[in-house]
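Trainee: Following this message is one structure expressed as structure tokens.
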Amino acid sequence: MRTNFCGTLNVSHVGKTIKLCGWVNKFRNLKEILFIDIRDQTGIIQVLFSKKSELLFKKAADLRNEFCIQVLGIVQERITKNKNYTMSTGEIEIFALELKIFNKSQPLPIDLKSCNIEETRLKFRYLDLRHPNMIRNIIIRNDITIIIRNFMKKNKFLDIETPILTKSTPEGARDYIVPSRIHKNKYYALPQSPQLFKQLLMISGIDRYYQIAKCFRDEDLRSDRQPEFTQIDIEVSFLNAKKVRKIIERMITSVWNKIINVHLKKFQKLSFYDAIKMYGTDKPDLRNPIQLIDVTNIIHVKNNINAITLPNKKTQQNIVIAMCIPRGMSLNINYINSYHHLVQKYTKNKLFNVEVLNHCPIKEQKKTSFHKKPSSDLTFQLISKTSAKHGDMIFYLSEKSPLVYEIMGKLRIELGKDLNLIDYNSWKPLWITNFPLFKKNELNQYISTHHPFTAPKYMKIDTSITNYEEIVADSYDLVINGYEIGSGSVRIHDLELQKTVFNILGINTVLQKNNFNFFLNALKYGTPPHAGIALGLDRITMLLTNSHNLRDVIAFPKTTTGSCLTTGAPSKIIHF
């Protein structure tokens, strides 16, 4: 039906007869000549119809936007004044010889040349995908998967599919359940990840596995979550955590280089606890230069009293965390009030700020917002501790840990945005390591920080300790610009250690047998040391396309309620 794609033509094709297929993007009837822009997934090119060909011109005059057509014509160079160098095809046009209309189009319910409300976009997704930005996102997503597959093949990884209909095994989120027609009162679960299957592949002797896998989690949604999502799933035998990270660094560096021509610099590494103490989150955006500073040993804010006092053993239940904000004095009162309101959402304790004035020595600079003036000595120490300079502002808060870190971490993000401290053209990859193996939920029960198959450091658990939250996991998350794009760990390959972890998690022997017996049995047969990671393809694509929502990089996404507006799913089943 066609000889070429619209966006691939250039001046080297001048004089050639070609055939194109696509959609009318724009038309202009100038009485003696008629121009249309024809569009396909590769781009747009201008087509010229001359009135000298009366029948052809008359047929072209009936064209409207989004008609699906075929054009036969000759490539010709535009006259100089009509060349459009902002288009890849702007130096040429097609002189039409034949026109075929495959299908007419009604006026579209969305505008492909401007923004549309998201509900309309998702309802008419098949039309929304015609937008150049959406086509670009889909093409980039495709290119990313090709780069990853080529990298994996080069590094001797095997692409192996694992089951979609599987057994329900608790992994953190709720499962999507599929009833079995043949096995009455029994159910399949859609996989939250291929975790156990890829570990079984390691036991089977497959050294290096990967899969671009569809996963399903029935959890609360937000802009960077979907109920079904795609992950780059990877597992290797006989490699430690450091070597796994090196492989992933090479792969991610290759993707960034080939997609956006950016060479990522050294991947930094922080422990989980250092990340919390320095940035208030385990997913810090390192483009933001603001860091949290513990100043408890300098000052302490008494509860409900707006004054600074010397540290006191009786008041050390709270800690004091400060931040020095570069050029913070440029913030107007509305911004500062908004920060106080932000803090008040999480605590009744007051947020304080200190302004640093004048180009005099640091020990002489001070201007504060305290109702009771602090001792100058403490203020000098605070300014010195935070390395504050002229024009900076210091914020600090007294609260219990870890809440104080969480609050100041949120404030840090807002300040970075409001003061334009973030270089949005830079990339800061970061590994977060040494997570706690366990944490407690709202019922004060131990749960896995990642999943129950994560190994502790050194493959040991001292069961005599009373606080299992102190046990460090051999795990690692990859964070880029504040987004977690991957999470992995060394896995447990010892049967008794796996049982110990299950017991700590409250998974008794009966539950172990019902849910994990197949896996525990497999661990008996020469299980190799192994490790792996899962990277979010959707999030990676979101970052590389500079999108702000996962829905912009998935062809047919769900809403925040898990609905597909295009098809109306979920829906009642009507039997024929």
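A Cβ is built for glycine as well, from the same backbone N, Cα and C atoms used for every other residue.
Keep in mind the model is a prediction, meaning the values are calculated, not measured.
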Trainee: Check Swiss-Prot for me: it has R217, D218, E219, E484, G536, L537, D538, R539 binding ATP, so pick out which one of Q211, Q226 it puts in that same site.
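Mentor: For the ATP site that includes R217, D218, E219, E484, G536, L537, D538, R539, Swiss-Prot also lists Q226.
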Trainee: Quick one: sort out which of 11-14, 147-150, 195-198 is the region 'Aspartate' according to Swiss-Prot.
Mentor: 195-198
Trainee: Nearest by CA distance to E484 (ATP binding site): which of the binding-site residues is it, out of R217, H450, R491?
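Mentor: So, spelling it out, the nearest of the binding-site residues is H450.
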Trainee: Here the binding-site residues are R217, H450, R491; which one has the lowest number of other Cβ atoms no more than 10 Å from its Cβ?
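Mentor: Counting other Cβ atoms within 10 Å of each of the binding-site residues R217, H450, R491, the minimum falls on H450.
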Trainee: Does E219 (ATP binding site) have same-chain partners at least 6 apart in sequence with Cβ under 8 Å from its own Cβ, and which are they?
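Mentor: Listed in sequence order, they are A173, R174, R225, P227.
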Trainee: Return the maximum Cα to Cα distance in Å (whole number) over the record's ATP-binding residues: R217, D218, E219, Q226, E484, G536, L537, D538, R539.
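Mentor: Maximum Cα-Cα distance: 19 Å.
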Trainee: Looking only at the region 'Aspartate' (195-198), report the model's average pLDDT.
Mentor: 97
